[in-house]
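Colleague: Copying in the features that Swiss-Prot gives for the protein in this structure:
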type	residues	note
SIGNAL	1-20	signal peptide
DISULFID	Cys37-Cys66	disulfide bond
DISULFID	Cys44-Cys59	disulfide bond
DISULFID	Cys49-Cys67	disulfide bond
Amino acid sequence: MRTLCSLLLICCLLFSYTTPAVGSLKSIGYEAELDHCHTNGGYCVRAICPPSARRPGSCFPEKNPCCKYMK
C-alpha cells in the first residue's frame, strides 16, 4: 500500500510540473507576435500608442499594443 501511494505521489508530481512547458510555449508565441509586429514596421509599447501612430495589432501575452507610425 505504501508503494502504491508513493507511486501515485510521484505521478501526480510529474504531471503537475507542466508550468515550465506552458511558460516556454508562451514565450515562443510572444516572440512570434513580437517578430510579426517588428516585421510590419511596428513597435510594442506598454501604454497607448501616441497620436502620430496607429494600432495594427497587439503583442502577445500581455496584450501590449503594437504601434506603427502613419505615413
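Glycine too: its Cβ is placed from the backbone N, Cα and C atoms.
Quick one: where do these features end up spatially?
Modeller: In the three-state DSSP scheme, Cys59 (disulfide bond) falls into the strand class.
The number of other Cβ atoms within 10 Å of the Cβ belonging to Cys67 (disulfide bond), over all protein chains shown, comes to 22.
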Colleague: Report, in whole Å, the straight Cα-to-Cα distance of Cys59 (disulfide bond) from Cys49 (disulfide bond).
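Modeller: Rounded to a whole number, the Cα-Cα distance is 13 Å.
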Colleague: Provide, as an integer number of angstrom, the distance between the C-alpha atoms of Cys67 (disulfide bond) and Cys37 (disulfide bond).
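Modeller: Taking the Cα atoms only, Cys67 (disulfide bond) lies 8 Å from Cys37 (disulfide bond).
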